[in-house]
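Participant: Structure incoming, see below.
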Amino acid sequence: MNGDNLHHRSVPQTTTLLKTPNNISINKINLKKTPNYVSSNGKMSDQWHTQWWSLADASFLRWTAADIIGVFKYHPVPCFFAVTLLFFMGVEYTLRMIPPSSPPFDIGFVATVYLHRILASSPTLNTVLAGLNTVFVGMQTTYIIGTWVIEGRPRATVAALFMFTCRGILGYSTQLPLPEGFLGSGADFPVGNVSFFLFYSGHVAGSVIASLDMRRMQRWELAILFDTLNILQVMRLLSTRGHYTIDLAIGVGAGMLFDSLAGKYMKNASSNVAEQDGLCTNRPLLS
């Protein structure tokens, strides 16, 4: 028999030999009509992406007026951010850039002009507030280390290690100038009027890491106390020009980010320890 007949897709000449190819052709037609979006491992099928995708299957073609209304009704926060995106696009593209010869504009400095004048005229008050802030940094450090060495929960400590390592890399990579009107104090942390990285604020990030751990442990009163002290700390750092606003804002984000990364790290580390328990008799400290 001619071998080309084996691939014939019209009326089969030999039922036995052409039954399988004919079924394959039917399956392909059905697959095109009802593509297999998700594979067995829960991911989008590569075959769907490379062979069967078309504009006719785009999600937006199935949207209805009720779907559009539902976005505004049930998802107001993303809608709000969409509006702010458009607003700040307009601000950014029409803003007059700060020239190199001028000091940077900082809205936090504008908001704390009055407090800056008070602290500049009263060095004693500035030193007292710096000392109190250093006590708060000590409270953060004690709590974060204590969660590991006392309670045996190393997540907050790991998060702080991640955070300060990244801060060191970024702070050295871009060394910002001291803000104009900086009010230093020997009582401020790091104690002794030593140099420090401006970007980003380790004071704020450490406080956020401690506060998040307190919330996980349902220590609500202590978490509220730390958040309140952190707000006061932000106000003092802006008033003394110890940090730019962006340093403090990124400090909040960094605390949240590295707490989340530490949680994922600890989860993976615990899984690895559990798998190796039969091979190792001594459990590691970070487990």
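Here the Cβ of each residue, glycine as well, is placed from N, Cα and C on the backbone.
Okay, these came from TrEMBL:
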TRANSMEM  77-95  transmembrane segment
DOMAIN    105-264  domain 'AtPDCT1/2 transmembrane'
TRANSMEM  128-149  transmembrane segment
TRANSMEM  156-174  transmembrane segment
TRANSMEM  194-212  transmembrane segment
Participant: Apart from its near flanks, which chain residues at least 6 from the ends of the transmembrane segment (194-212) lie with a Cβ under 8 angstroms of it?
Facilitator: 133, 136-137, 140-141, 143-144, 156, 159-160, 163-164, 167-168, 170-172, 174-176, 178, 223, 226-227, 229-230, 233-234, 237, 243-244, 246-248, 250-252, 254-256, 258-259
Participant: What parts of the chain pack near the transmembrane segment (77-95), using Cβ distances under 8 Å and only residues at least 6 beyond its ends?
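Facilitator: Residues 71 contact the transmembrane segment (77-95) from elsewhere in the chain.
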